[in-house]
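Per TrEMBL, the features are:
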type	residues	note
REGION	A:1-59	region 'Disordered'
COMPBIAS	A:45-54	compositional bias 'Basic residues'
TRANSMEM	A:74-93	transmembrane segment
DOMAIN	A:134-348	domain 'ABC transmembrane type-1'
TRANSMEM	A:138-159	transmembrane segment
TRANSMEM	A:180-204	transmembrane segment
TRANSMEM	A:234-253	transmembrane segment
TRANSMEM	A:274-293	transmembrane segment
TRANSMEM	A:327-348	transmembrane segment
Amino acid sequence: MKPRATVATDAERTEGRTAVPSGEDNSDEDGARARSRASGPPARPSKRRGKKTKAPFEPGGITRRLRFRRDRTLILMTVPAMVLLLVFNYIPLLGNVVAFQDYDVYDLGITGSPFVGFDNFTRIFEDHRFWEVLLNTLVIFLTQLILFFPIPIAIALLLNTIMSARVRAWVQAIVYLPHFFSWVLVVTVFQQMFGGAGLVAQWLREHGHEGFDLMTNPGFFKFLVTSQAIWKDAGWGVIVFLAALAAVNTDLYEAAAVDGAGRWRRMWHVTLPALRPVIALLLVLRVGSALNLDFEQILLQRDQVGAGASEILDTYIWWTGIKTGDFGYAAAAGIFKGLFSVAMVLGANKVAHMMGEQGVYSKK
Amino acid sequence: MTTLLDTEKDGRPSARPTAERTRTPLQRALRTEHRPVWEEEPTKAGLAFKGVGLFAICAVILVPIWVVVVTSLSDTKAINEAGGLVVWPKTVTFVAYTELLSGGAVTRAALVSIGLTVVGTVFSMVISVLCAYGLSRKDSFAHRPLLMTMMATMFFGAGLIPTYLLVTGIGLSDSYWSMILPSAISVFNILVLRGFFMDTAPELIDAARIDGAGEWRILLQIIMPLSRAVIAVISLFYAVGYWSQWFNAMLYIQDSDKYPLQMILRQLVLQHQVPPGAMGAAVSSGQINSLSVQMAVMVLALIPVAVLSPFVQKHFQKGMLTGAVKG
């Protein structure tokens with residue numbers, strides 16, 4: 001915009017397309033010259049349909065009422081989505097009042113149930129089962145973070161060194177595939193491989209060993225869910241890193257090679273630094289959603305493994321609320337989870353800023 | 001291009017003359033035009049490592065799928081001989097599939113899933129495309145508050161309990177809509193679409209407007225045809241979401257006639273319950289092995305995604321990244 005100076009500005013203004021911000025971005029003298037040359041009314045609000053107005057101008061050069069009239073179709077288009085969000089995201093938010101009630105589903109409902117203040121929260125904090133579940137959630141999360149996170153990076157680095165576009169496309173097609181499988185399917189596939197009647201147990205029995213059943217082993221559960229997550233989504237995670245790798249300036253590699261850096265040093269000093277912001281961003285997001293493990297995945301296996309090893313915060317909320325009917329307690333646990341998650345995002349982002357990375361939102 | 005590079009290289013005093021002479025045919029084949037001149041040729045060990053790595057990655061994903069498919073196609077004899085799962089196909093028979101699809105609970109569930117996926121995807125796409133286009137002009141009325149209203153929902157959810165109380169409270173339990181409405185739109189998908197729509201050349205839109213086109217016509221005749229790729233990707237995302245739906249069905253659906261395929265799959269394989277009418281007389285009389293029936297249900301659940309996703313694969317990267325980053 002800037003280098004094209006007055007002519008471009010003028011042309012665009014008469015075309016009536018200049019968006020509000022870019023129009024105002026031009027330095028004042030540009031704007032002034034453009035305006036003085038155009039012999040129309042001062043500061044024409046030449047917006048899309050070139051509607052004329054004598055009303056006082058907003059920064060956009062057009063009144064709110066006119067902007068509304070101009071954009072009413074656009075606003076109309078967003079209505080269905082906004083209604084859905086309102087009904088299924090914002091109204092339930094108000095439904096969280098049951099956390100402060102002695103909620104009775106059958107007779108009283110939300111409007112009639114008596115308020116009990118913070119009783120539900122005190123019950124949570126005094127319940128040692130709740131703390132066990134929270135700890136278990138964090139343990140599973142950490143296992144996943146440590147074992148899962150490096151794998152997409154490794155696959156991306158490997159794929160990036162493959163020159164043949166055809167091989168790359170095939171491998172990508174294969175590694176992306178399990179991402180589109182449902183959790184039910186993934187868990188059943190694991191059941192057929194590692195369950196008591198699965199392929200591995202079957203092979204071991206044929207060769208005279210004891211069969212085993214990883215699917216019902218509580219001690220192994222955190223590694224089981226991690227390997228399922230890796231099987232399903234590690235390939236999909238590659239996309240982000242491949243894009244970041246494709247954006248690296250190849251001149252850097254050439255310069256490094258000319259300076260005598262071999263392939264490992266180029267990877268260490270060029271590739272990995274280029275990935276750093278992406279890694280930081282994904283880490284922040286991941287830590288921020290620490291309590292949002294894959295609910296479906298774990299709920300599917302809760303019966304087999306037993307609630308002791310497999311209960312996470314989400315399944316605990318589901319169990320206490322929907323299964324045993326203690327809605328107030330479960331909703332309070334849900335609020336705790338929400339606040340805890342927000343604190344985790346903010347905390348992780350703060351750490352990222354301290355390490356000089358940008359994080360999810362920039363520091364302003 | 002290759003020849004040009006080669007002559008250039010030969011004409012110059014080569015840095016590694018011995019390496020040039022001792023190139024194996026494999027290495028010569030690897031000197032593609034994509035490889036820049038300054039880059040070393042791959043070592044044999046490196047190549048072997050990469051080959052093994054790629055092979056292992058692909059095998060880990062494909063072998064389980066292969067075993068499932070082969071077992072679903074095996075007859076009772078082959079399954080008994082193998083002692084369970086079949087790795088190498090001996091006979092190929094489709095009895096398990098004909099049995100499942102000749103009526104009964106699995107056929108019903110498959111039809112429910114197909115119906116949900118088609119209706120749900122169309123519903124979600126219409127709403128998402130409209131919303132994305134409505135928000136695609138940065139200077140439009142109330143653009144910022146509307147966008148913020150949407151994006152805020154990405155950072156907090158209402159929680160399971162209030163959502164459950166709402167959905168059952170407005171009478172959606174045991175209705176097919178309970179599997180569509182609560183998760184009908186994904187804000188992330190809308191932002192991706194919006195990012196693409198914003199990238200459409202403004203000249204095209206201006207030209208259309210000068211010719212008298214309104215917003216609807218611009219959306220339908222200019223924007224949509226230009227955004228076919230991203231629309232395909234987002235449709236796939238929504239369709240996969242509906243097809244994989246299990247949790248909403250488990251929460252809100254009690255009537256087993258309305259179960260989608262994933263519910264039946266879970267009952268059969270994980271809970272070892274046979275839904276009434278899922279397996280006919282052929283299974284109980286031992287003509288068809290119940291294992292191959294389980295596998296056949298798994299194959300039914302994976303076929304649609306396995307067939308569709310490679311078609312839109314080349315757009316994934318663009319679709320995932322371009323749109324999401326615009327404020």
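Start at 1 and count along the chain as shown; that gives each residue its number.
Placed from the backbone N, Cα and C atoms, the Cβ positions cover glycine too.
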Quick one: do the transmembrane segment (A:234-253) and the transmembrane segment (A:74-93) have at least 3 Cβ pairs under 8 Å, skipping pairs fewer than 6 apart in sequence?
-> no
In terms of Cβ proximity under 8 Å, which residues at least six beyond the ends of the transmembrane segment (A:138-159) contact it?
-> 168, 171-172, 175, 221-223, 225-226, 229-230, 233-238, 240-242, 245, 267, 271, 275, 279, 282-283, 286-287, 290-291, 293, 298, 312
Residue list, the transmembrane segment (A:180-204) vs rest of chain: Cβ under 8 Å, 6 or more residues beyond ends.
-> 210-216, 224, 227-228, 231-232, 294, 296-297, 300-301
